[in-house]
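K.L.:
Pulled from Swiss-Prot, these are the listed features:
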| type | residues | note |
| --- | --- | --- |
| ACT_SITE | H99 | active site, proton acceptor |
| BINDING | H267 | heme b binding site |
| SITE | R95 | site 'Transition state stabilizer' |
Amino acid sequence: MEHKPTHTSGQCPVMHGGATSSNSSNVAWWPKALNLDILHQHDRKSNPMGADFSYREELKKLDVEALKRDLKALMTDSQDWWPADWGHYGGLMIRMAWHSAGSYRVGDGRGGADTGNQRFAPLNSWPDNANLDKARRLLWPIKQKYGNKISWADLMILAGNMAYESMGLKTFGFAFGREDIWHPEKDIYWGAEQEWLAPSGAENSRYSGERDLENPLAAVMMGLIYVNPEGVDGNPDPLKTAKDMRVTFARMGMNDEETVALTAGGHTVGKAHGNGNAANLGADPESADLEEQGLGWNNHKSRGIGRDTVTSGIEGAWTTNPTQWDNGFFHLLFSYDWWLQKSPAGAWQWEPVNIKEEDKPVDVEDPTIRHNPIMTDADMALKLDPEYRKISERFHKDPAYFSETFARAWFKLTHRDMGPKARYFGPDVPVEELIWQDPVPTGRKDYDVDAVKAKIIASGLSTGELVSTAWDSARTFRNSDKRGGANGARIRLAPQKDWLGNEPEKLAKVLNVLEAIASEFNISVADTIVLAGNVGVEQAAKAAGIAITVPFAAGRGDATIEQTDVESFEVLEPIADGFRNWQKQHYAVNPEELLLDRAQLLGLSAPEMTVLIGGLRVIGTNHGDNKHGVFTDNVGALSNDFFVNLTDMRYTWKPTGRNSYDIVERNSGNVKWTATRVDLVFGSNSILRAYAEVYAQDDNKEKFVKDFVAAWTKVMNADRFDI
């Protein structure tokens, strides 16, 4: 008789209806479907703090000096489960803060330290973030003690600041104000690679041509924060690495001097860890077993802590005194020749030739033992690249200048994604105004808004001109790093005034009129532009038979060209704007995906995106006055015609070219309207069609106008952190 195997694991007696993994999700079945989830992140359902919670109010209760004292005490309070190198956690805390902030990229403003995203996948499990889970666990007692009064996002950066101060650096300052998220971000594109640390020639590489890095990425590999410390694709060559550094740090918003300062300053303290076999490390935090309790890279096969820790695979300290801020990095870099060696873990590293015994750092556990210092390929680039070397030599000769430059660069690195100073909080906020903060003067609030509106109405500008100019001014806002927006009226300055998407000739005409009105009333052009847009919306609603007042908050200021980093603002130029049915050229990415990206950066929900599209189409704001998607015979009236005609089965849709369609009457065969993919997606995508049907209903004409005004006001005020 054949013996059949017995299943020893019991089956669950309940057939679960909840999809608790992604294996059978809609995305798995239809991977090319438009992912609207990026518009519905970080809502109240995932936030445990409640609707009434205000982090800014909690910060007012924080004893900042007590917190700083506790953090400094933590630095030298070594724990047996993860001992501090030389009895000081400074290097570990700095690396945690560096890697939290260093994921920022200027291309789309995503990444960075502003949300505390290092706690979640993928960042919590990136190879480059190995063992930073230990740093956060060391911080937990302090977070637990101060509770709601300090976010994880703020605490991680403040810990890095305090680490530097505890080792002798005078930091430039610190601002509280970063608010935690509660689940992984869904909108950030980290790269197309399907494996960690995939080389540049691998499938789905982020590089093309002669090492052209895909936008908006900054890191050279999936799973790295910036460049490969062993060299390009793990092959040591400092001059090639220098090229990678220049691209990567520029995409983080840093120039050459800041790049050298940050690299050297980051390696002035602490050490790299590679004294062991990396194969002995366990899974990363997201993959680790339940009993690991969210910790990863645990070594259960050997000691794996202290001097036997493996993290990057590179092994050693950069300086003689790794717990002290000094000029030791440049002293060693320029005092010795360096040659390539392999670490105990098998990683490439540079070590000095014939180094003096007293220049060697001592062992992390036994001060009677000394080891060679090390340099990464990036460190050697600071010596061998001609431009980097000039800067390095100046820092070497002038330690005070190096310290000041690093402190400023560190502040920029850790605060770049926080946006304007209006979001800063705390006693250590620097008074100095920095150009990378995109400063905007405070504007007037005490003026007769109705009188200004009357002047705008009598100006002769069309509804479409008023609305499109205000939209173009506000649409640059990025909720990712809080840059852009209507405040400052930088649409009248270079480079924005010349952007193709802003229709420079028409813009100049409109600005000429609005600037005269602003001058007459002694108010900001920024306020006047937004108020003019509001007037246009009110007139369009009136033309549709609905009286409504668009909310307006005065107080915007006008930035000057001296307050504007022209090169920095170039990254805000739109390559497409589905809201105005325009794109600069055809791209590999579909127009509706570009629309979704802009909506997400503006902080819009899918219903808000939908209602804005429908309203802007019928008002007549299309770029170049193109007629695509203008499904109405009454242009200029804020009606729901776009949705009514989009969902009307009297019409059929026929492609006429790439991103071009005709709307044809079924009975006559006559072409009624034309459209783009951005228009059609609101009838094609099942979710967006559901929203479109709501606004097409006969009983929702007034709701449509009210919802449009609410979404419009949200965009106009997106950068008003002062209200």
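Any Cβ shown, glycine's included, is placed from N, Cα and C.
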K.L.:
Would you mind reading off the Cα separation of H99 (active site, proton acceptor) from the residue listed as 'heme b binding site', to the nearest angstrom?
P.N.:
13
K.L.:
Once the DSSP letters are reduced so that anything not helix or strand counts as coil, what is the residue listed as 'active site, proton acceptor'?
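P.N.:
The residue in question, the residue listed as 'active site, proton acceptor', is helix (DSSP, three-state).
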K.L.:
Note down the number of other Cβ atoms within 10 Å of the Cβ of R95 (site 'Transition state stabilizer'), including every protein chain shown.
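P.N.:
A count of 26.
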K.L.:
Please report the distance from the Cα of H267 (heme b binding site) to the Cα of R95 (site 'Transition state stabilizer'), rounded to the nearest angstrom.
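P.N.:
Cα-Cα distance, H267 (heme b binding site) to R95 (site 'Transition state stabilizer'): 9 Å.
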K.L.:
Which one, from the recorded positions H99, H267, has the smallest tally of other C-beta atoms lying within 10 Å of its C-beta?
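P.N.:
Each of the recorded positions H99, H267 was scored; lowest Cβ tally within 10 Å is H99.
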